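Engineer: I have a structure I would like to understand better, so I am pasting it below and will then ask my questions one at a time.
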Amino acid sequence: MVISLKNRNFLKLLDYTPAEIQHLIDLAIELKAAKKAGCEKQTLIGKNIALIFEKTSTRTRCAFEVAAFDQGAQVTYLGPSGSQIGHKESMKDTARVLGRMYDGIEYRGFGQHIVEELGEYAGVPVWNGLTDEFHPTQILADLMTMLEHAPGKTLPELSFAYLGDARNNMGNSLMVGAAKMGMDIRLIAPKSFWPDAALVAQCREIASVTGARITLTESVEDGVHGVDFLYTDVWVSMGEPKEAWAERVSLMTPYQVNQQVVNATGNPDVKFMHCLPAFHNEHTKVGREIEMAYGLKGLEVTEEVFESAGSMVFDEAENRMHTIKAVMVATLGD
């Protein structure tokens, strides 16, 4: 079956079929191999791409810029303070302006409705670099990384546990990705931090077709048993007030990924994943503040696990670029 994603938006995985998601992962694997072999074919020569960042970024910005440059495209970066978007000009108007000048637009910011509006009115492919609800490019990188570290297996044969704040964009997106690809996902969190019930129901409906297994539990021991991968994310997301830390640390400490949790999987080959940045020691400004306030040298993951041989976080980070490149090539490439 020939799959064409030409001129499609990439706003959330719910918009894509399992075959289309697998196609993007396979393309990313091919592009990664070609880059490393020095034989990458450029398909975005002469294309101009706008990168809208209403939230700061390291990995996402670098991944989009390097991917675009590798493929021969030019980029314009519009940072949090570098445009009139939402201040003097609506997103609907911005979309219609940028769509006349650019061949593709990336957006990283706040509500999902904003990137949906951008996608509706731009007239060119729009890609979601992160919203409060979803982070689809990260999930492509995660699924690619899982396949790389489970040779001979397909995604429906893999299981993973996500510990921590399961109601954030990563919890939402991992659940959607697992449902679409027929995987076994366990979301382990306090019940008040489970994903929205409507999204859970939607994912379970998808799972009834794909064979995915979706488990929501407060029990770490039950949830992690037998999984292939352990996944976590920060306990306080971008945009949440600093005052949320005290309550969050109290609620989430039992869900920290530490060696005890690794052992509880019963899988000597279990791998660790994190979308980054991670609070795993006191070597950052925030890390030092956390240590002083709560006496903790790591939050969602310990230094021991983060730096262990089973940690795939930097493979995962690299794969952000390859999967983002695949999205741009598939939707915009010649």
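For all residues, glycine too, the Cβ spot is worked out from N, Cα and C.
Pasting the relevant annotations from Swiss-Prot:
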BINDING   Ser57, Thr58, Arg59, Thr60, Gln84, Arg108, His135, Pro136, Thr137, Gln138, Cys275, Leu276, Arg320  carbamoyl phosphate binding site
BINDING   Asn169, Asp233, Ser237, Met238  L-ornithine binding site
Engineer: Nearest to His135 (carbamoyl phosphate binding site) by Cα distance: which of the binding-site residues Asn169, Asp233, Ser237 is it?
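Structural biologist: That would be Asn169, nearest by Cα distance.
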Engineer: Cα-Cα, whole number of Å: Ser237 (L-ornithine binding site) versus Cys275 (carbamoyl phosphate binding site)?
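Structural biologist: Counting only the Cα atoms, the answer is 12 Å.
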Engineer: When a 10 Å sphere is centred on the Cβ of Asp233 (L-ornithine binding site), how many other Cβ atoms does it contain?
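Structural biologist: Around the Cβ of Asp233 (L-ornithine binding site), 25 other Cβ atoms lie within 10 Å.
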Engineer: Count the other Cβ atoms sitting within 10 Å of the Cβ of Arg320 (carbamoyl phosphate binding site), across every protein chain shown.
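Structural biologist: Excluding its own Cβ, the number within 10 Å is 27.
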Engineer: Between Cys275 (carbamoyl phosphate binding site) and Asn169 (L-ornithine binding site), find the distance joining the two CA atoms and give it rounded to the nearest Å.
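Structural biologist: For Cys275 (carbamoyl phosphate binding site) versus Asn169 (L-ornithine binding site), the Cα atoms are 11 Å apart.
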Engineer: Measure from the CA atom of Ser57 (carbamoyl phosphate binding site) to the CA atom of Asp233 (L-ornithine binding site) and give the result in Å, rounded to a whole number.
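Structural biologist: For Asp233 (L-ornithine binding site) versus Ser57 (carbamoyl phosphate binding site), the Cα atoms are 16 Å apart.
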Engineer: Restricting to the chain of Thr137 (carbamoyl phosphate binding site) and a gap of 6 or more, list residues whose Cβ falls under 8 Å of its Cβ, or answer none.
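Structural biologist: In sequence order, the residues whose Cβ lies under 8 Å from that of Thr137 (carbamoyl phosphate binding site) (at least 6 apart) are Phe10, Thr60, Ala63, Trp127, Asn128, Gly129, Leu130, Arg320, Thr323, Ile324, Val327.
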Engineer: Which site among Arg59, His135 has the most other CB atoms no more than 10 Å from its CB, taking these as binding-site residues?
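Structural biologist: Sorting the candidates by Cβ neighbours within 10 Å, the top entry is His135.
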Engineer: What Cα-Cα separation, expressed in whole Å, is found between Ser57 (carbamoyl phosphate binding site) and Asn169 (L-ornithine binding site)?
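Structural biologist: Given the Cα positions, Ser57 (carbamoyl phosphate binding site) is 15 Å from Asn169 (L-ornithine binding site).
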Engineer: If you count Cβ atoms within 10 Å of the Cβ of Asn169 (L-ornithine binding site), leaving out that atom itself, what do you get?
Structural biologist: 23
Engineer: What does DSSP say about Arg320 (carbamoyl phosphate binding site): helix, strand or coil?
Structural biologist: helix
Engineer: For Arg59 (carbamoyl phosphate binding site), what is the secondary structure by DSSP, using just helix, strand and coil?
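Structural biologist: For Arg59 (carbamoyl phosphate binding site) - judged by DSSP and reduced to three states - the answer is helix.
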